[in-house]
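J.: I am attaching a structure below and will ask some questions about it afterwards.
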């Protein structure tokens, strides 16, 4: 298979972890006889500094013409600390999602046995946690009509039937591939938009008779995720709720540096770690590259290259078992490994496998 990959390293630690993801992808492609080419493009604060736009048209063209985007992270404190800034790095991420029609964010939540002690939850609660959060990405309050003056402000949580149907279809199909349990998260007791979500989900559920579908208010779901994370298999929800719940779910594993994600939809899919740009660690060779590397595994799996994805996951598991880890997840007496060293260890493992 031939892969044409757009690489958007972004800001902060992005360029460092991006290199590790590319190196792993190249090693796997060589191992399995695939051809791969990369085209690099700017985004985020880096793009604002260079051209004044966090997602310039040239970057969009690169992404649009690729088979997949390997994205790292955007964000810079100089924008976070300036409330008057009209253009911000995160706007580039929203623009990419909108322009590429990326309406579904797929975020796995799982634990690694050797790192269960890193979770803030008790081991017996998280040891069997393995679920997927599916978040609608291009509708709701983040994209609805907005207004603000000195005395009032509002954001509109606007959704249409086609927007809801397409994300629910993704969720039901994921549930069919897994343990056949789907939880639809909403606030239907208060919000009209949530009542439409629930109505449409109830209409679609009979088309998937093998899937057990249940419905949960978002506040209850937030509690259930902490009290009994193993209850969930596939969870689907709207944009704002999903933004909050996916971050809550990310702490279950014990480190945001372990979790990848995918955003899919009408055009080129995007694969990225869930963590941010961590500008304080830029250039220090301490950032955990595993989420970026596991994003490459998700990329291969998206294209039905299951053996390739499985090999990457096996290599990551082996690195953790051998205590080849960056500082934030290393054992007390473990050797010191940096971003580059962890990435190279995984590349070497893949080549020898």
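Keep in mind that glycine also has a Cβ here, set from the backbone N, Cα and C atoms.
Copied straight from Swiss-Prot:
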BINDING   97, 107, 135, 219  substrate binding site
SITE      142  site 'Important for catalysis'
SITE      187  site 'Important for catalysis'
BINDING   219, 243, 247  Mg(2+) binding site
J.: Can you name every residue in this chain, apart from 219, 243, 247, with its Cβ inside 8 Å of the center of the Cβ atoms of the recorded Mg(2+) site?
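T.: Sorted by sequence, the hits are 218, 222, 240, 241, 242, 244, 245, 246, 248.
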J.: Sorted by position, what residues of the same chain at least six away from residue 135 (substrate binding site) have a C-beta under 8 A from it?
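T.: Those within reach of residue 135 (substrate binding site), by Cβ under 8 Å and sequence separation of 6 or more, are 104, 105, 107, 236, 237, 238, 239, 241, 242, 243, 245, 246.
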J.: Counting every protein chain present, what is the number of Cβ atoms, excluding its own, within 10 Å of the Cβ of residue 187 (site 'Important for catalysis')?
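T.: So the number of other Cβ atoms within 10 Å of residue 187 (site 'Important for catalysis') is 21.
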J.: For a quick check of understanding: given the listed substrate-binding residues 97, 107, 135, 219, what is the maximum Cα-Cα distance in angstrom, as an integer?
T.: 27
J.: Just to verify: the residue among 97, 142, 219 with the fewest other Cβ atoms within 10 Å, which of the recorded positions is it?
T.: 219
J.: Going by C-alpha distance, which of the recorded positions 142, 187, 247 is nearest to residue 219 (substrate binding site)?
T.: 187
J.: Just how many other Cβ atoms lie inside 10 Å of the Cβ on residue 107 (substrate binding site)?
T.: 22
J.: List the Cα distance (Å, whole number) between residue 187 (site 'Important for catalysis') and residue 97 (substrate binding site).
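T.: Cα-Cα, rounded: 25 Å.
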J.: Distance between residue 97 (substrate binding site) and residue 247 (Mg(2+) binding site) at the Cα atoms, whole Å?
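T.: Spelling it out, the Cα of residue 97 (substrate binding site) and the Cα of residue 247 (Mg(2+) binding site) are 18 Å apart.
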J.: How many Å lie between the Cα of residue 142 (site 'Important for catalysis') and the Cα of residue 247 (Mg(2+) binding site)?
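T.: Rounded to a whole number, the Cα-Cα distance is 17 Å.
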J.: Give the three-state DSSP assignment (helix, strand or coil) for residue 107 (substrate binding site).
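T.: In three-state terms, residue 107 (substrate binding site) counts as strand.
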J.: Among the binding-site residues 243, 247, which residue has its Cβ surrounded by the fewest other Cβ atoms within 10 Å?
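T.: Relative to the other binding-site residues in 243, 247, 247 has the fewest Cβ atoms within 10 Å.
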